Amino acid sequence: MTSTERLLRVAVPNKGSLSQSASEILRESGYRQRNDSKELTLIDAENGVEFFYLRPRDIALYVGEGTLDVGITGRDLLRDSGAKAEEVLDLGFGRSRFHFAGPAGRYTDLAQLAGLRIATSYVGVVEAFLQERGIEATVTRLDGAVETSIQLGVADVIADVVETGSTLRHAGLATFGEVILESQAVLITRTGDVPSGFEIFQRRLEGVLVARSYVMMDYDIASDQLDRAVAVTPGLEGPTISPLGREGWVAVRAMVPRAGAQRLMDELYDLGARAILLTDIHACRL
Ligand SMILES: Nc1ncnc2c1ncn2[C@@H]1O[C@H](COP(=O)(O)OP(=O)(O)OP(=O)(O)O)[C@@H](O)[C@H]1O
Ligand SMILES: O=P(O)(O)OC[C@H]1O[C@H](OP(=O)(O)OP(=O)(O)O)[C@H](O)[C@@H]1O
Ligand SMILES: [Mg+2]
């Protein structure tokens, strides 16, 4: 890129659950990433990007007001912020569910929230939910360790992120009612805005996501079994079929979903395929 072009300004979580995976996917996408967690900004001039390491809770605000072009944050944090930013791509990490929880066995239904004191770090999500349901309750904002607030008498129930559920169990709490929000890390931009240079950035990340969920399968098969084998491994746009130095046989190459690839290998073997190989894809552009 030339020096007159503006750098794409990208917000990356500096700490917490999303931070390591966010830097990993950026690195795999060919971008420079910081080696020292004390670095707060980093310029990757060769790729036309400047990274800003920020609290994931603040990232939607920076992107929503246009100070930064793109951000990686959690869907729940984006919703909580109310910022004018929108999701462009699911990133497949930082998965969690947002739930109400109370002392195990005490509550069963979200209608029971009426009149209760609710502690949460996600006031925006909780108030939007209560308003939608027409439930009146008192919401108190806490920064963290929300689970302890019930034992300390500050709240009757909490609303928080649940991943494994182990924090709730340790506190003697259990979720009740349906999941309020399924969250994961997402790529966000300002609503209605496609910043210049964003398409390449998005395509690179999509390439890594595809490379993570697909593998390359190669095998040799007798020509009279080819149709049946291709039905097992149709590839994304159709498999590559090449001649083989063995009369009546061909070589086939196709991308297949990583999940279930071993089962496909078993099916191909049963069809008579041999030399069945599975290899990782490091990056791709579809
Ligand atoms: N076990 C988890 N705990 C908290 N947040 C999680 C978890 N797993 C995934 N997440 C997601 O990570 C984002 C919250 O990240 P954030 O860095 O703000 O909090 P954190 O990971 O709890 O870090 P800290 O509490 O140290 O500030 C949310 O999108 C949330 O859904
Ligand atoms: O279901 P689990 O796997 O137990 O994970 C969920 C817990 O992890 C987070 O807390 P964190 O460790 O970030 O501490 P915090 O409350 O101080 O933010 C979150 O707020 C829950 O308490
Ligand atoms: Mg936390």
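Yeah, the Cβs are placed from backbone N, Cα and C, and that goes for glycine too.
From a predicted model like this one, the values you see are computed outputs, not experimental measurements.
Positions annotated as domain 'ATP phosphoribosyltransferase catalytic' by TrEMBL: 55-191.
Residues annotated as domain 'Histidine biosynthesis HisG C-terminal' in TrEMBL: 211-282.
In the domain 'ATP phosphoribosyltransferase catalytic' (55-191), helix, strand and coil residues by DSSP number 40 helix, 50 strand, 47 coil. Summed and averaged per residue, pLDDT over the domain 'ATP phosphoribosyltransferase catalytic' (55-191) gives 97.
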